[in-house]
Amino acid sequence: MYGNGRCAGFDTCSCDPGWSGGSCNIANCSSKSDCSSQGNCVAPNTCECFPGFQGDDCSEENLPNENPPIFQQDIYAITIPENQPVGTAIVTVLANDTDSGRNGEVRYRLVQTGLDDESFTVHPTLGVITSAVEFDFESLERDSFSLIVEALDHGVPTLTGTATLIINVTDQNDNKPVINIPPNTEYNLQTTTPVGFHVTTVQASDADRSYDNSRITYGIASVSPLVSIDATNGSITVRSALVSGTHIVRISASDHGSPPKTDERSIRMIVTNVSTNTAPQCPEDQSLEISSRNLTAGLTVATIEADDHDNGANGDVSYSFKSKTGEWASLFSIDPSTGRIYVDTDSVPQFSDPFSAVSMTVEVRDNAVDSMSCETNVVVIITSPGFSGTVPDNVFPTTTPLATTSDPQTTPFDRSTAGYTTQPDITTEELENSTALPTTERATTEDLPVVVEARSFSGMVKIVNRDWKEELRDRTSDEFKALAAEVEQGLDDVFGHSDLGDTYDSVDVTRFS
């Protein structure tokens, strides 16, 4: 029944007024002279005129279509906030056509120019532009859309006009900052920690993209006379003398949106009278070969990954070269935060030797008040592109260490021991420089343990006075004793012929890596 009547019986329709026919699909335009036979009756007393005719009954001939529709503005610039629901009215455009009758009747459409017009719709007669999607500012590839809207008249021929729509989507503060530390994080400090000591740096992120909505200011939400925080970068430092005990500090991060949003986290500071810091654990020494043709700017040669299970500043480590030797040593740098050793030059000079070597000693140091460190060695054998022979077992740079280090380099590199060597010529100065204790007010060799590497034994040894042997009584296994005796005998042979003089008593093994 085409929706123009109702079913009155089997296969029988009762049509609404103005409609007839078995299916109620014939409109009655008798009052419009049946459209003067110059149009179609599309609804009761409603005519759709054929081209060239106009009027309610299509009895008039069209006048010439002389004028196109003209928009009130050539460019419409509109700003809308994100998160508006689908169907939100954005702007109403209007075009005027000075022709009369059908020639002046205007309808609208969006010109298909790309993806932009798929996000919007226009009402064909009212010119209302509405959203076809809900815009999320953070997921948009761009926040500005350009559309072409077209106005068409009903004349013959049809005349058109166009206008440009520029629609900008703005960010709303719909995301709060997130502080990127686990809840109830602990930091171990000492009562001797000085004012100004860097405890940690808090970092927060905000998913909003605009400047103010994502700009973060840090603060301390709880009353804490012990530490302060930099409002801009989140650096937490000691502001007054610390007292023993557990102290809870509430950290806040607020954005600059309207209204602002805030996240908070608690950190726990455990202050003790004695240090709980432990030294970082360095990986084993390593050696590698690389062709000079592969030495390109930024190339990662090796990455040192040390372990430090302390928390806070005690567990934050930094990497640096303690020494570099070799003709090509200047090619390499190390990232202090990641331990990445890389080629640091815009252009690698021509390599003419069949092979050469660079030896690098990397120091890994934590940021504790009583800072501790470990060391590891990396040897890079560089071969020329045409080299096809065998690199000799013993290759070591002949140049002196960098001027920035005072440690003499007398250790040969022995490839037959996979990068581990002994140190036959150890001086008192070297032993003092290798200690992991703080450098301020350094004690004499007789007053403190001196840590050295015994590379051929892959262990750490300690040169101590006899009075210190009490601390080693717990190392009583037969396996430990046998290995310790072997190491001690080898090192006794080395140190017994060194220039340590009266400062040398014995070698005791404390642990093996």
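Residue 1 is the first one shown; counting continues down the chain.
A Cβ is built for glycine as well, from the same backbone N, Cα and C atoms used for every other residue.
Remember, TrEMBL labels are computer predictions, not curated facts.
According to TrEMBL, the domain 'EGF-like' annotation covers 25-59. Broken down by DSSP into helix, strand and coil, the domain 'EGF-like' (25-59) contains 8 helix, 13 strand, 14 coil.
Long-range C-beta contacts of C58 (disulfide bond), restricted to its own chain and to partners at least six residues apart, with a cutoff below 8 Å, comprise K32, C35, S36, Q38, G39, C47, C49, F50. What TrEMBL lists as disulfide bond is C49-C58.
The domain 'Cadherin' annotation in TrEMBL covers 72-179 (among others).
In this model, the domain 'Cadherin' (181-282) carries an average pLDDT of 92. The domain 'Cadherin' feature in TrEMBL is assigned to 181-282 (among others).
According to TrEMBL, the feature domain 'Cadherin' maps to 294-394 (among others).
The region 'Disordered' feature in TrEMBL is assigned to 400-421.
Marked as domain 'SEA' by TrEMBL: 453-513.
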TODO: Within 10 Å of the Cβ of C49 (disulfide bond), how many other Cβ atoms can you find? Include all protein chains, please.
DONE: 22
Open item on the list: Quick test of the contact rule: Cβ under 8 Å, at least six residues beyond the ends. What residues does that give for the domain 'EGF-like' (25-59)?
Closed with: 1-2, 4, 17-19, 101-102, 156
